[in-house]
């Protein structure tokens, strides 16, 4: 054994350098969060639970153009349009999304000309049965009402990049 290796083993240089490395990381802020109680901020482009939005006067935005249904690669969206109204517009009678099929690609949101269907900020929507993951129009509108403030803020932050 040579003198250098003997000196290193007696002086425990690897141990001391490892100790200082551990102490350096010990006093830095932790990257881990306490998840149920703390949540990381999400991006304005985050794609979570779907929602149907309303206009400020309370009327639903969806004009039953069926672009979202046509563009959906997973064929998770089903729409039935109602008859035309006196003013020439129409609304949906049925708007269903099968969340089991949905791949959260965001194509429906991009295709919508009136920003009616959006993917909101909610990512905690676990269910106990598959039937609960079949969203009808009432549930989608309720999601839109619940998350409207966050959705509007995210859309306004993302507007320069659209």
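Including glycine, each Cβ sits where the backbone N, Cα and C put it.
Residues or ranges marked as [4Fe-4S] cluster 1 binding site by Swiss-Prot on the basis of sequence analysis: 62, 65, 68, 112. A sphere of 10 angstroms centred on the C-beta of residue 65 ([4Fe-4S] cluster 1 binding site) encloses 17 other C-beta atoms. The secondary structure of residue 65 ([4Fe-4S] cluster 1 binding site), as reduced to three states from DSSP, is coil rather than helix or strand.
Under the three-state DSSP scheme, residue 102 ([4Fe-4S] cluster 2 binding site) falls in the coil class. Taking a C-beta cut-off of under 8 angstroms and a sequence separation of 6 or more, residue 102 ([4Fe-4S] cluster 2 binding site) has the following same-chain neighbours: 50, 74, 76. According to Swiss-Prot, the feature [4Fe-4S] cluster 2 binding site maps to 72, 102, 105, 108.
Look at Swiss-Prot and you will find 52-82 tagged as domain '4Fe-4S ferredoxin-type 1'. Residues 89-103, 105, 107-118, 137, 140-141, 143-145, 148, 151 of the same chain lie 6 or more positions beyond the ends of the domain '4Fe-4S ferredoxin-type 1' (52-82) yet place their CB under 8 Å from a CB of it.
Tertiary proximity for the domain '4Fe-4S ferredoxin-type 2' (93-122) is limited to same-chain residues at least six positions away from its ends with a CB under 8 Å from its CB atoms, namely 42, 46-53, 60-63, 65, 67-68, 70-82, 130, 133-137, 140, 143-144, 147, 150-151, 154-155. Annotated domain '4Fe-4S ferredoxin-type 2' per Swiss-Prot: 93-122, in sequence order.
Nearest Cα neighbour of residue 62 ([4Fe-4S] cluster 1 binding site) among the listed binding-site residues (72, 105, 108): 108. Neighbour counts of Cβ atoms within 10 Å were taken for the binding-site residues 62, 68, 105, 108; the minimum is at 105.
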